[in-house]
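These notes concern the structure reproduced below.
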Amino acid sequence: MSEVANEASRRRTFAIISHPDAGKTTLTEKLLLFGGAIQMAGSVKGRKAARHATSDWMALEKERGISVTSSVMQFPYEGKIVNLLDTPGHADFGEDTYRVLTAVDSALMVIDVAKGVEERTIKLMEVCRLRDTPIMTFINKLDREGKDPIELLDEVETVLGIQCAPVTWPIGMGQRLKGVVHLLTGEVHLYEPGRNFTRQDSTIFPSIDAPGLAEKIGAQMLAELRDELDLVQGASHPFDLDAYRAGKQTPVFFGSGVNNFGVQPLLDFFVEHAPPPQARTTTGRVIAPEENKLTGFVFKIQANMDPQHRDRVAFMRICSGRFSAGMKTFHVRTGKDMKLANALTFMASDREIAAEAWPGDVIGIHNHGTISIGDTFTEGEAVTFTGIPNFAPELFRRARLRDPLKLKQLQKGLAQLSEEGATQFFRPLTSNDLILGAVGVLQFDVAAYRLKDEYGVEATFEQVSVSTARWVHCSNEKKLEEFREKNALNLALDAAGHLVYLAPTRVNLQLAQERSPDVRFSATREAAHTVSVG
């Protein structure tokens, strides 16, 4: 086996998806704790607590207690290298989350035991479906009262349309929680609450027949457990590796992230069964991870990870070959060579210069406005990875400046925020308005906060009569020019210089489409096909 193939086979790159408040950031912390990446997990709950959660590093996130930006963390575990991409927990952050899911090989779905499958989980699951992403499920907050576990499995199967294969099973819940049984090994892990900031190895009995277990959990509970296990093993699906890797079955674990309980069986199972990096499609061919030449694509751009340095970092997922510090690469969209000098590896906000990286790893490249989301880097081959979209925003606001002299800073700030993909920025052809588009309201708060915090610009966002946006394309130049002349009042350029139709109403959009049958109106745009500005 080549060195590239060997290193690729050790990688496990995944994201955690959940509805807000299901405990995703806490679970992220605990996985890092068990992986030895952090000594002490920061609790997410206390907003004013001295120790903030490791993965929530932007000041706004620290104030609000939600993950606004997706960060990347790497840790070694049991001979494997785990790359965990944290996704925003708040309901608004659809696009960024979608793009993160294009950069992973599997996902972990977190469900609150009391709430079951929630709306955001359904949406994220649809995204995973598009790519048949393998998913494991962690049913969290077992230390609180919640739904019956059998009912929960039924709900996941019915609502999300995926077969469940329980791997651990709870012994009680809430006040009566005593532990979990590992259905594949037969081991019983006892619940010992309280030591939630340090790594906790629970007491393990080899089976439910082990002497001393009845004294620990009570004879009646043990009898109930035997009956329940008979029922579960008779009614549920056994774990099937092929079905899981095809995205048709989800192995299910129960636990309490905040109490470090049930996390270790999940992590052990994950590194053993989750897929290593997979082959990926480009415009020219399919690229296998074990190929010797480096390829990778940018799925996210983050500005000002270090406020002292006003920097922008492009996050690149390596798809094949070996990255080494300072190597020369080919930036496919611009057709230019680019030296990747001080590339970074991540442990949330702690950044280290990457000496080398392998398929499945994510590196950060310093970016001065030349790199866009969706860009592909190779060692010379002109291919582009596909499937990294921009979505048409659903909400629009006009930016208003408190100080008109700061227009230049405002334009620069909006262009950079748009380059990250958190919000989109449109400049109408016939006015000087600056219009921002987003998938959710919170993104406008984030934009206003970051403009003030990072660019020194105080801006407000007011309502604007735009209901939806569509990118417009036409292969016939003459017809496109006619369309531009007739519809100039509704046309704008996005931050990458593409023509966009801003419709005041859905009816207006429908009429425009009917009147111009030769023009294609798209709700998404492949991020790779951008023309960078600034």
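Backbone N, Cα and C atoms are what each Cβ position is placed from, and that goes for glycine too.
What Swiss-Prot records for this protein:
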BINDING   18-25, 86-90, 140-143  GTP binding site
DOMAIN    9-278  domain 'tr-type G'
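DSSP assigns Ser18 (GTP binding site) to a strand in the three-state reduction.
Along the domain 'tr-type G' (9-278), the predicted structure has mean pLDDT 83.
Following the DSSP three-state reduction, the secondary structure of Lys24 (GTP binding site) is helix. For the binding-site residues listed here (Ser18, Asp21, Thr87, Leu142), the lowest count of other CB atoms within 10 A around the CB belongs to Asp21.
Within 10 Å of the C-beta of Lys24 (GTP binding site) there are 28 other C-beta atoms, taking all protein chains into account.
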